[in-house]
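**Q** Got a structure here, written out as structure tokens. Questions coming.
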Amino acid sequence: MILSLPPMTCCLIQTLFQASSFSFIMGCTPNASHSPVFLLLGFSRARTSPSLLFLLFLAIYLATIMGNVTLVLLISRDSRLHSPMYYLLRGLSVIDMGLSTVTLPQLLAHLVSSYPAIPAARCLAQFFFFYVFGVTDTLVISVMALDRYVAICDPLHYHSVMNRRLCARLLALSWMVSIVHTMLHVGLLLPLYWAGDAKGNVNLPHFFCDHRPLLRASCSDIHSNELAIFLEGGFLMLGPCALIVLSYVRIGATILRLPSAAGRHRAVSTCGSHLTMVGFLYGTIIWVYFQPPSQNSQEQDMVASVMYTAITPLANPFVYSLRNKDVKSALHRLLGWGKVD
């Protein structure tokens, strides 16, 4: 007995088959896979010896963890630092530790290995956690701009507006938005194919599973991924950037109206650390993700990636502590060094 299918069913099966074969039409070979082994070769062509790079990144990672842990302990233990600004800063330090831990320990392991491989499942897991921490970082920095706006432009209502409950909700919202954003991009990566060598390995000229290198290495059609980066990712960047710009426009106008030079200097000094980190973080992210692929090279991507995966998390605690008298005073009290001049 011959089983005959309705015309609609036949058309549906043919459409599904064509969709599944579309990647190979775009240039994928028959051995292309959804789950290859990626070789992270980001520093394989570096002129500096791997041993020296290992010591450099080990020092950066340890200093990052020590600096951020110290800041978290100071803010948690010292009652003088129990204000909304320091509550947000403590959340930022936790995020920075996660951001470094997602990438740098693996980089250290690969620098001393002759086979810097990472399976596809682990690669996507690293991609997921890196973007969750990274996007949350940008959102929390924009929330800190809002905190500075209320503190300078409406100081009388600061503690009633920026209370701990609101800060906790803003932090939770930042985490939720970043998780949903990252799940969207992970979902767009899952259908892609990567064509590897005879052993199924795919060379990735980067030191972790970042978005651009993964898309460049794919043999599938990545137009939807690129569109999501520029539209959804661009919107997610534009909102926090607009909040930061508008906050500092109002802050600047308020500072110019202050009657005394000492008051203006004090107001500017409270914003200096935050503006420094805004420049570090947003500058490197825009450089990597929002330029046309033809205008940035893999080497430039690597330099910018090192900036926001290693240097920015390292700089945060030191920028906020060295420029902040309250934090320095808390550290001196903890160590028993007396008062800060």
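Each position is counted from 1, following the chain as shown.
The backbone N, Cα and C atoms fix where each Cβ goes, glycine too.
Below, the features straight out of TrEMBL:
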- 51-75: transmembrane segment (TRANSMEM)
- 67-320: domain 'G-protein coupled receptors family 1 profile' (DOMAIN)
- 87-108: transmembrane segment (TRANSMEM)
- 128-150: transmembrane segment (TRANSMEM)
- 170-194: transmembrane segment (TRANSMEM)
- 227-249: transmembrane segment (TRANSMEM)
- 270-290: transmembrane segment (TRANSMEM)
- 302-322: transmembrane segment (TRANSMEM)
**Q** Below 8 angstroms Cβ to Cβ, which residues of this chain, lying six or more residues outside the transmembrane segment (170-194), approach it?
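**A** Residues 23-24, 28, 32-34, 36, 38, 88, 91, 124, 127-128, 131-136, 139-140, 143, 146, 202, 211, 214-215, 217-220, 222, 224-225, 228-229, 232-233, 236 contact the transmembrane segment (170-194) from elsewhere in the chain.
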**Q** Is the count of Cβ pairs under 8 Å between the transmembrane segment (270-290) and the transmembrane segment (51-75), pairs 6 or more apart in sequence, 3 or more?
**A** no
**Q** Okay, the transmembrane segment (302-322) and the transmembrane segment (51-75): do they have at least three CB pairs under 8 Å, pairs separated by 6 or more?
**A** yes
**Q** Along the domain 'G-protein coupled receptors family 1 profile' (67-320), what average pLDDT does this model show?
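**A** Summarising the domain 'G-protein coupled receptors family 1 profile' (67-320) by its mean pLDDT gives 86.
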